[in-house]
Amino acid sequence: MVTKFRTFFGHIGEAFRSLRRNGWMTVAAIAAVAITLFLVGSLLASVLNLNKLASDIEDDVNIRVSIDLAADQDDQEALWDKIMALDNVADMTYSSRHEELDNIIGVYGEDFDLLEGDDNPLYDVFIVHATSPEATQALAGEIEDFNFVQDVNYGGAEADRLFSLTRTMRNVGFVVIGVLIFTAVFLISNTIRIAIFSRSTEIEIMRLVGAKNSFIRWPFLFEGAIIGLVGSLISSAVIAYIYINGFDRLMTLLSQTSFALLAPDPFLYGLLGVLVAIGVVIGSLGSLLSIRRFLKI
């Protein structure tokens with residue numbers, strides 16, 4: 001057991017010595033990984049926040065059912081029961097024509113006071129929330145056929161375009177993240193490849209005297225993991241600083257809406273943990289690829 005620990009720490013020590021020997025190549029590799037992971041982390045944070053905002057927007061999409069002026073209270077209650085009985089209805093609220101006018105006055109000012117009383121041209125409204133954004137259009141079509149429904153509005157083509165846009169943004173974001181991770185693996189792989197070439201004579205001697213493949217392989221794996229770890233810690237620190245400072249400013253802009261960004265705590269802990277894990281994994285993977293390709297170990 002003691003021998004195994006000594007060998008393990010010996011491999012780590014050899015990895016650090018190799019990193020020092022490579023000098024500026026090591027610095028360049030760490031910088032490249034830090035920049036790449038900064039882009040990955042920034043894009044991931046953007047995609048996840050856009051996903052959150054898209055979900056907020058989707059949740060904010062509702063169906064406004066204007067009730068025919070000819071409907072009395074019994075008719076409205078019957079219509080309420082019919083709508084609530086539909087499969088894709090999550091919840092529903094009632095807004096009277098007077099409340100609708102008050103909302104307009106609150107937004108656009110007192111110029112609309114003239115419409116109060118009998119001059120109010122608005123309708124009583126049922127505000128319906130579907131169980132999912134995708135069910136909104138079909139649900140609106142069902143409600144439209146009921147008696148005493150004057151009009152049904154859910155945003156129509158605009159809402160459909162919104163749902164399509166949010167799906168596209170998510171998919172494109174994750175594809176770009178995949179490309180950036182591949183780039184980071186390539187950069188680390190090239191750095192380890194140079195280290196292998198610079199030590200090719202030493203490695204050949206080790207193999208001639210009977211060193212096992214694992215004994216030769218481990219220092220390079222640790223070297224790649226260290227490059228990935230240091231690069232990820234640098235990028236994580238920069239992302240944390242930018243996100244924490246930008247969060248309050250952006251939330252001030254969103255304060256008058258029902259939308260919100262992901263709070264730094266606990267979001268940043270998860271994001272930075274993922275970045276560190278990605279850094280170590282792609283560092284080790286880059287080393288493994290170089291060893292397998294060029295040493296045929």
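Using N, Cα and C of the backbone, Cβ positions are placed for all residues, glycine too.
Among the features that TrEMBL reports, domain 'FtsX extracellular' is placed at 61-152.
Across all of the domain 'ABC3 transporter permease C-terminal' (175-297), the predicted model scores a mean pLDDT of 78. The domain 'ABC3 transporter permease C-terminal' annotation in TrEMBL covers 175-297.
The transmembrane segment annotation in TrEMBL covers 24-48 (among others).
Annotation comment: TrEMBL describes 172-197 (among others) as transmembrane segment.
Residues annotated as transmembrane segment in TrEMBL: 218-244 (among others).
According to TrEMBL, the feature transmembrane segment maps to 267-291 (among others). Beyond its flanks by at least six residues, the transmembrane segment (267-291) meets 33, 37, 40-41, 44-45, 48, 181, 184-193, 196, 217, 220-221, 223-229, 231-233, 235-236, 239-240, 243-244, 297 of its own chain at Cβ-Cβ distances under 8 Å.
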Residues in the domain 'FtsX extracellular' (61-152) per DSSP class, helix first, strand next, coil last, are 45 helix, 22 strand, 25 coil
